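Colleague: Sharing the feature lines straight out of TrEMBL:
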TRANSMEM  A:37-57  transmembrane segment
TRANSMEM  A:78-95  transmembrane segment
TRANSMEM  A:115-131  transmembrane segment
TRANSMEM  A:143-162  transmembrane segment
TRANSMEM  A:182-200  transmembrane segment
TRANSMEM  A:212-229  transmembrane segment
TRANSMEM  A:265-282  transmembrane segment
TRANSMEM  A:294-313  transmembrane segment
TRANSMEM  A:333-349  transmembrane segment
Amino acid sequence: MSKVKLSNFQLAVIAIGYFHGSTTISNPAIGAKRDAWIAVILGTLGGFIVITMQLYLSKISKGKNLLEIIEFCFGKTTGKILCLIYILYFMHNAILDTKAFSEFMVTVSYPETPIIVIVLVLIIIAVYAARSGLSVIGKSCEVLVPLLPLAIAIVTLSLLKVTDFTGFKPILLEIPPVIKSSFDLVSSVFADFIVFLMILPYTNSEKGRFKATYWATGISGLILLVISSRNLQIIGPALIEYVRYPSHIAAQLIPTISIDPLVDMNLLIGGVIKVLVSLYAISKITAEIFHIEYKPLVPAFGLLIIVLSFWAFPDAMELYSWEHSMGETLISIPPQLLLPIILLIISLIKNKREQNGQKSQSA
Amino acid sequence: MIKKVILLLLCISMIMTLTTGCWNNRDLSELSILTAMGIDQTEDGKIMVTAQIIKPVDVSSSGAGVSGGGGGGEKSFVVVSNTESTIFAALRTMLAKINKKIFYSSSQVIVFSEDLAKSGIKNYVDFILRDHETQFKSLIVVAKGTTAKEIVEQEYGLSKIPGGYIRDTIKNSKSRGFTKELRLLDMARELATEGRELSIGTIEKSENLTSTEGLAVFQKDKMVGWLDKYETRGYMFITGRAKSGIIEIESPDNPKEIIGIELMKGSSKIEVNSSSNNSIEVNVKIKAEGNVGEQQSQSGQSPDKICKSLSKCLEKQITKECYSAISKCQNEYKSDIFGFGIHVFDKYPKYWQKVTSVWSEEIFPSIQVKVKVDAKINRTGLLSKTIKIR
């Protein structure tokens, strides 16, 4: 259908931007306090496993996107109903990211700006990019995403003069929070890679996909590791649970100049990419269910995201309590883990049967 | 063609409206720039906030020829006080007295008064941490013997911006070692950390100036006492903060003659052990390197000969300062400002959980602290030995 092909580099770059998303401002690994770095490492490893499974699912279904895989496995009608789960789930992600992004901006930089303005600006950009299609998304990410590690490197290097090394010790006093936050990390960052099943079929080489995605995962894990250990060291394990946006404070502490907008810039890029990819996937799935063009749907869904983000999270407290509750992790398990596993098993069986059928036919 | 022009105009107008900056954009001329903030407690338990606001015109026109703020010249800043139940309200209702909105991101120093520190600072830190305009880089000091207002009102002949002046005097503790440079974030961190009590550098009024020497010792959020400047340096040595400074030691052969050693390097390492009878033992290892900077003694020997005995004396002096700080905190104030508790937590987490609640009251005063100083004299400056008067 689509002639657009993404290069593997573009795929990796979109993935980094997507993983990065809002993690600079609210890092789930921080729940493990002084063991956050262990949680990040565990979470990244867990991410590798989940992503491998999702990539494998895409590989064996030979160029099908998420919707086509589901329809292939469950038949047309059931498949379409199941797709609804994904639409809702991606919608939830987009709403959460939109709101997290705009709350951060309002709390930190623009306290008197109406929040609707910030949401609107974000959604306008996302809608514009999603409407323009994958090649535009890929190219803009190619330009913007390299700025993320750059900004992080600048902030981190200017804070290297650390005097208080009590941040990390004692190691592994309590194991449950580490496990919990590494699960949080997998579910809220890496396992959301499922949305890329809508993009993967349009990359130009099947071979490099695995490599590109693994690179993206590794780099994102490294960035997370750097951010969380830096924040832990600078703000301290005791204080970090009271602080809402550790990265912002860390950037504020750089002597003589204020470059905290660098952190905000990070978020602008990451947040837009996250919302953008979700928006693209939602519109694409819906369009394919009804066999219509996806472009007119994008602004409609954009509007829906704006309205729903205000309806679902009327104030900041609600957002934070939802972000830190088990609920968010629990509702992400079916679309991220259960369904892909079922899909994988069914398509393996079906593929085998087809092969057998072909064999018996040819024989 | 016309379509393109219209599109271009639309784009330009969009960019112009969307990139003008933030919504509540305020120009410099509409702001009152705050450089220092003093927080006092009034007798009826309310908060008096004193703001030191710079007159922008005066500062910009100040040249070398203009005599400074002190003396006959006009002051380059205005001090406004306001009393309310919360800091935020006090700052906001201050607008009844001044015409422009206060911009407190530029606050360099936040001064707490002695009375307020003694009655507990926990009600006063929340606002300055929570508000998005305050800077986590601002330095914190406690006014000793005066109110915060008096400190903030102080004029300095050398600088037209008193807030920046006070900040610089605190910052140069790097080369003195007599006070502790504490940022707002560090204060919050020390308050939130278990196993380390808060200690804040002090500021005192002296004649026409202020001096920043000494340390205020806290227990939880309440101030319990002071350390003098030498005890403060002991604290700085133990926590590894002392990097430079002049240490005066008595000459080995004549105690009346003083030798000034300039400290060039300093570092410390704290180790915790549990001794046989299950009590905690703390070993502090301090490494110091210095040069001979001034010598009053006229012993026939050149300093390189007495180098060894000099470094012994240096070790003795540093050890003395450390012990005086430790014994005062252990016996008088019962406050673990050195953070030995953190090291205990690190090494014996289970034991720490048992004693957390009684640490500063019962355990800390009774632990044995051993200070071992390893000092080295490197150079003697331009003279090989002091000149002999004949």
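Glycine residues also receive a Cβ, built from the backbone N, Cα and C atoms like all the rest.
Please treat TrEMBL annotations as automatic predictions, because they have not gone through curation.
Just tell me what is around each of these and how deep it sits.
Modeller: If one looks beyond the transmembrane segment (A:37-57) by at least 6 residues along the same chain, the residues whose Cβ comes under 8 Å of a Cβ in the stretch are 28-29, 31, 69, 168, 171-172, 178-179, 181-186, 189-191, 193-194, 196-197, 200, 209-210, 213-214, 217-218, 220-221, 224-225, 228-229, 232, 336-337, 340-341, 343-344, 347.
Within its own chain, the transmembrane segment (A:78-95) is flanked in space by residues 66-67, 70-72, 192, 194-195, 274-275, 278-279, 281-282, 285-286, 289, 301, 304-305, 308-309, 312-313, 331-332, 334-335, 339, which lie at least six positions past its ends and keep a Cβ under 8 Å from the stretch.
Within its own chain, the transmembrane segment (A:115-131) has Cβ neighbours under 8 Å at 98-99, 101-103, 105-106, 137, 140, 271-272, 275-276, 279-280, 283, 295, 298-299, 302-303, 305-306, 309-310, counting only residues six or more beyond its boundaries.
Tertiary neighbourhood of the transmembrane segment (A:294-313): same-chain residues 91, 94-96, 98-99, 102, 116, 119-120, 123-124, 126-127, 130-131, 275, 279-280, 282-284, 286-288, 319, 322, selected by CB-CB distance under 8 Å and a gap of 6+ residues from either end.
If one looks beyond the transmembrane segment (A:333-349) by at least 6 residues along the same chain, the residues whose Cβ comes under 8 Å of a Cβ in the stretch are 50, 53-54, 56-57, 60-61, 69-70, 72-74, 82, 85-86, 89, 187, 191-192, 194.
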Colleague: In the same chain, which residue numbers or ranges, 6 or more beyond the ends of the transmembrane segment (A:265-282), come under 8 angstroms Cβ to Cβ?
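Modeller: Tertiary neighbours of the transmembrane segment (A:265-282) are 14, 17-18, 20-25, 66, 86-87, 90-91, 93-94, 97-98, 100-101, 104-105, 122-123, 125-127, 129-130, 134, 137, 141, 144-145, 147-148, 151-152, 195-196, 198-199, 247, 298, 301-302, 305.
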